[in-house]
Amino acid sequence: MNVNQQTPMASPYGPPQPGYGQPSYAPLGGSYPGPYGPYNGPATAYQPGAPPQGPARGPPTSAPRPVSTPQAYSQYSQGDSQNGPPPMGHSMAQPAHRSPVSQPYSQGAMNLSGPHPSYSQQYGAPPPMQQVTNQMSGMQIGSGPPTSVGPGYAHHPSSQPPISAAYSSAAPPSYTQAPPPLSAAPSQPSPPSEPAASQPYYGGPPPPQQQPFPSAHHPSQPFVSSSPYLGPPSQPQATPVSQQQSFPPGPPAQQPFPNSAPPPVSQQQSFPPGPPAQQPFPNSAPPPVSQQQSFPPGSPAQQPFPNSATPPVSQASYSGPPPPTQHSFPPSSQSGPFPPISISPSQYPGPQPPSQPGPPPFHSGPSPRGPIPPPSMSQQQANHLPPGPMQQQQPPQPGMQGGYPTHQNGAFGQPRGPQPGYAGPQYPGQQNYGAGPAPAPAPPAQKRLDPDSIPSPIQVIEDDRVNKSSEPFTTGVKGQAPPLVTTNFQVKDQGNASPRFIRCTAYNMPCTADMAKQSQVPLAAVIKPLAMLPPDETPPYIVDHGEGGPIRCNRCKAYMCPYMQFIEAGRRFQCGFCSCVTEVPPHYFQHLDHTGKRVDCYDRPELSQGSYEFVATVDYCKNNKLPQPPSFIFFIDVSYNAVKSGMVNIVCQELKTLLDYLPRENPEEDSVVRVGFVTYNKVLHFYNVKSSLAQPQMMVVSDVSDMFLPLLDGFLVSVNDSRMVIESLLDQIPEMFADTRETETVFGPVIQAGLEALKAADCAGKLFVFHSTLPIAEAPGKLKNREDKKLVGTDKEKSLFQPQSGFYSNLSKECVAQGCCVDLFLFPNQYVDVATLGVVPVSTGGSVYKYTYFQAETDRERFLNDLRRDVQKPMGFDAVMRVRTSTGIRATDFFGSFFMSNTTDVELAGLDCDKTVTVEFRHDDKLSEDTGALMQCAVLYTSCSGQRRLRVHNMAVNCCSQLADLYRNCETDTIINFFSKYAYRSILNTPTKTVRDTMVNQCAQILACYRKNCASPSSAGQLILPECMKLLPVYLNCVLKSDVLQPGADISLDDRAYLRQLLSCMDVSESHIFFYPRLLPLVKLDGGSLPMAVRNSEERLSKGGVYLLETGLHLFLWVGANAQQELLSNIFGTPTFSQIDPNMTSLPELDNPFSQRLREIIDSFRSQRSRYMKLMVVKQEDKAELIFKHFLCEDKGTSGGASYVDFLCHMHKEIRQLLS
């Protein structure tokens, strides 16, 4: 659809009909037929707040087009979603642009004089019923199944025009915010050359050309007008009636236009920065708006529709349908029955026709007189204005161009800024608008857009919880999207891996690469191979096939799974991945039943389950010999800073008890993991803790440039054998180094020492390194301080995320080869270059933990909880993972903490239960809808007991040839997880601004493709989002505003590098809470359920409340200045706000139900996360509140990120530019 075509101007008409004007449209050809003939009767003018009718005016002799009055504004109050007709101001002199915020246009009737060209009009079918609900007035956030777009539907006699709901400030959930158009009756046929005047006639018999619409039409009949006039001209829809003023030159009430008719707007007012009202037109016709005004609550515009039930509006994602009183008209303006509100494509509750493949639903077929020019997307001025109350616009001054407000909105009669790169056509005979002054009463103040009308993450999460938490999720249905990560649900494995192990971005893959490219939806899976399952779910069964090992396909080496098809009475099987036929080994043979399944199918996990484990044989082991049990080595930094902060003392005390909790598979047995200890500053001290010794022995290696292991026997020991010696050592270390003055440390030799020890013991293992400063001592891997804030935001910024040298990359390669995983605990007081120190942990499958300005009393609990979990959690060592896929797609890219020496094998020295590997797939051939697509993730690893195992996860998804099916089965949280990992990796090589722009562009392409190919044709002014992606804009904005991509002045380079590495292996539930934190109002905490969360915005906080905010890494308890005394006493044990200690990190244990329940909630939140969340108490107006507000991600970011509302408008503008 071409959005940059000329805009038609209105023509002089005969006298308007009551309350309406008539728009007319110009053909592109440039010929302008004579003025409209039909007489519309006298018009009534409404004054802003009152229903009484104003004086009717007679037909003007020559009048400019109607001026718009304020329209009740819609959802997205700021930004560029432009939805009206095309820019009017191209060939006219444009009024000077005023700041968009101040533009509500004056409300009264305007009398503008001046000649006007008249144009002929084209017809098309009325807009599809389903599309209109939210459009007239604001962005339509459609989100349901797409409707079909067939070429040229003929006008259906009973189709009713859209009614869209009016905005009332009082009704939060409504999506729609402009008065609904009333429908006009279908008229008798008239020749195309003489456009039928559409005159909805209220309060009298219908004009000759028109009969009232049958009122029984059901809203579910979509009509798409994508063809030129076919049959009797549909009578234009009546424009919304709420607050109509008659305008002599009023555009006729509209007709749905094929392709892109600009909407008639009789008297529409411009809005404050925000997208103009959106319209339900096929293709891009802006909506009918006859004089929409915004009313203060309680004004006549908000009366319920007389004579008609409020139509159903199925809202996508807000808290419920809008109250009926919200859409209403002054009673005096209507007398006939109203058509039902049409439901927007996404909102339509019933089944919808399948979308048709083929050309986009916009243009089909030549139009009788040349296409109607589509509205152009004007550049809205207010790109990112914070949502705030809008100021009123002054009445036009006599010298202004006709008093048109310059803010660009969807109103037809307003001049708009030219489209970028578009000069604007000059219409023959066209004159500037508004030659004369236009007296007008002052408009009422425009209301700020109601954020409740845009998609709410909280509502979507809550709806999913209500609908999907009661029944178990069975994995046997191919291509079924699982419940959201925020929902508690039980999984029953019936042949596909549980969503706890694998989540996909799309459960319906496009059949072809072209389709995938067109949609831009990433095809990826986030795989968490060793995920912990809740107690009520069975862990994967372990299958032992004996010496023969697992059964595999001969060609592609895929492991036996439910997708293998047994043939020839069970003697052979055909691989589901490569179709190769393989002999079944005699010991594995079994007969088939009448359906072709093996009779032992349900007795064998590998034939009936999505996830299971095989015991691996010697063939799967390094050097063809079974592995030794793994070892843990603890490296403790004993430099001055580490000792002084208390870290050394805490680590040594904790290890004495922690060594009893080393990982084991059988809780009854002792762990077979062996342990070793080293301390270091500029030199390394190894300890011999052999069980036969009375006291530990220290050996110092001072030649760090050539690292070696000074002892073999006695370094790695069993805890039970050497317990006394180990405890003696741990008691002595803090005393030995208590008076140290050594401030310099090494780091490279520390890793080398651990690697040498594991090589000497011929085992895999993990190094726990507790480190405090930048390693500046002379040694391999020495670093310099390169922190330079001046590079932030420049093209050289990316160098700060890259390691300083190749030393650590080479070292990590050696570690992976040996199965040496590194976990790094940092305690920095200044820059330590996390980007470089983190290379080894990230490449070996390890983790980085960071405790900046560590203080023993406040950070001890967090550090110890992290350490305990890190030591105890189940993990595998020396792992290799490979993802196989069925023919047609292949795994092309991988994200996470691992090393790859070739393009297919993901090598992990260590793989724990929290780590994920994200895999992106690309097409290398066509897929078939019949067979779908298969993936199998196989991980070969050594368990903590020293057994070599193969864990297999299988996943089957559907394939589709219709884009609508793809968009119906996506998972936004997983898409965001993938996008964030992709973006965070990209900043290593690309400036952050480019990365942000690329992400916005890709998301705009995803949504534009849906809009173009799946949504019913409608005006470009609507924002239509797929149901399962309606939260994509809000979550994407959170990613763009995150500290890594858009840092504030106070965030350090180390923090950004740390978060970048942390996100690389997060699963979907952790990335969800990381980008969109959970904000709970602490009101009634009785009962087992949590209070319902509120949206992340400061305006949701009440001064009288207390709120808990969870970010995945922190917990904040925000206390309002006017919180009730009883509440404060229950939580803090003090009744006054001023007595609360903001430095407390744990709540007092009080003996009241509220305190107990709150502490339970905090404990349960902590137990769900892989890192311990420290509690911060934030008092309103306190300095710490700035940190808290940083996580309120729907608000404008402190470092320049857009608010949700602004960003939605920006996305809408991007989508419109793509569609043009």
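Residue 1 is the first one shown; counting continues down the chain.
Every residue gets a Cβ built from N, Cα and C, even glycine.
Feature annotations, reproduced from TrEMBL:
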- 1-481: region 'Disordered' (REGION)
- 19-48: compositional bias 'Low complexity' (COMPBIAS)
- 49-63: compositional bias 'Pro residues' (COMPBIAS)
- 68-83: compositional bias 'Polar residues' (COMPBIAS)
- 100-110: compositional bias 'Polar residues' (COMPBIAS)
- 130-140: compositional bias 'Polar residues' (COMPBIAS)
- 157-177: compositional bias 'Low complexity' (COMPBIAS)
- 178-194: compositional bias 'Pro residues' (COMPBIAS)
- 212-223: compositional bias 'Low complexity' (COMPBIAS)
- 248-265: compositional bias 'Pro residues' (COMPBIAS)
- 272-289: compositional bias 'Pro residues' (COMPBIAS)
- 290-307: compositional bias 'Low complexity' (COMPBIAS)
- 308-318: compositional bias 'Polar residues' (COMPBIAS)
- 326-336: compositional bias 'Low complexity' (COMPBIAS)
- 337-376: compositional bias 'Pro residues' (COMPBIAS)
- 413-437: compositional bias 'Low complexity' (COMPBIAS)
- 550-588: domain 'Zinc finger Sec23/Sec24-type' (DOMAIN)
- 627-871: domain 'Sec23/Sec24 trunk' (DOMAIN)
- 876-959: domain 'Sec23/Sec24 beta-sandwich' (DOMAIN)
- 972-1071: domain 'Sec23/Sec24 helical' (DOMAIN)
- 1090-1162: domain 'Gelsolin-like' (DOMAIN)
Per-state residue totals over the domain 'Sec23/Sec24 helical' (972-1071) - DSSP helix, strand, coil: 65 helix, 0 strand, 35 coil
Which residues of the chain, 6 or more past the ends of the domain 'Zinc finger Sec23/Sec24-type' (550-588), have a CB below 8 A from one of its CBs? 495, 543, 596-598, 606-610, 614, 616, 884-887, 934, 936, 938, 950, 952, 954, 956
In DSSP terms, the domain 'Zinc finger Sec23/Sec24-type' (550-588) comprises 6 helix, 11 strand, 22 coil
What DSSP reports for the domain 'Gelsolin-like' (1090-1162) is 24 helix, 12 strand, 37 coil
Per DSSP, the domain 'Sec23/Sec24 beta-sandwich' (876-959) contains 0 helix, 54 strand, 30 coil
